[in-house]
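Record features, source Swiss-Prot:
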BINDING   T9, F10, H14, P15, G16, H17, D96, Y123  ATP binding site
Amino acid sequence: MKTVMATGTFDIIHPGHGFFLEEARKLGGEDARLVVVLARDSTVRARKRTPIVGEKQRLEVVRMLKPVDEAYLGSETDMFEIVHRIKPDIIAIGPDQKFDVDELRDELRRRGLGCEVRRIEKYRDAELDSTCKIIKRIRSMEFDEDSLKNC
């Protein structure tokens, strides 16, 4: 059985996340084990923006998703720490993640981690296929008190 590790923020779950996780799992074959590592809130703030959903809730939601066998929060100091613990055969990188696959592969080798690194293509079958698009849509909408009374 091959272990595939997928990483990401997973803030405001959308179809792109589901596609990424399904495709990541497929990389390991029929009996693959998919382990998801979520970026910590502090990491997201440093690299992107303040997450809408906190790390504990994001972790809880990801653990509920069908393709996922296990999910953990990543390290706040060394992103390779959890890779040593999980020992994946394959690391799946999302289309919007800012990693250079070759550089990541080289760093993994330097650290004695000989796993394969693969980038998953972008999901394009939904209008709202990214958290940023969802945030922009919400910000562009006008809400009155009546429409928010049941929130």
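Yeah, the Cβs are placed from backbone N, Cα and C, and that goes for glycine too.
Structure coloured by features recorded in Swiss-Prot.
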residue: T9; record: ATP binding site; contacts (Cβ under 8 Å, 6+ apart): L38, A39, V44, K48, P51, R58, T131
residue: F10; record: ATP binding site; contacts (Cβ under 8 Å, 6+ apart): H17, V36, L38, R58, V61, V62
residue: H14; record: ATP binding site; contacts (Cβ under 8 Å, 6+ apart): A126, L128, D129, S130, T131, I134
residue: P15; record: ATP binding site; contacts (Cβ under 8 Å, 6+ apart): Y123, D125, A126, L128, D129
residue: G16; record: ATP binding site; contacts (Cβ under 8 Å, 6+ apart): K122, Y123, A126, D129, S130
residue: D96; record: ATP binding site; contacts (Cβ under 8 Å, 6+ apart): K122, S130
- Query: Under DSSP, is P15 (ATP binding site) helix, strand or coil?
  - Reply: helix
- Quick one: give me the count of other CB atoms within 10 A of the CB of Y123 (ATP binding site). 19
- Note on the structure: H17 (ATP binding site), Cβ-centred 10 Å count of other Cβ atoms over all protein chains shown, is 24
- Among T9, F10, H14, P15, G16, H17, D96, Y123, the annotated ATP contacts, find the widest CA pair distance and round it to a whole Å. 16
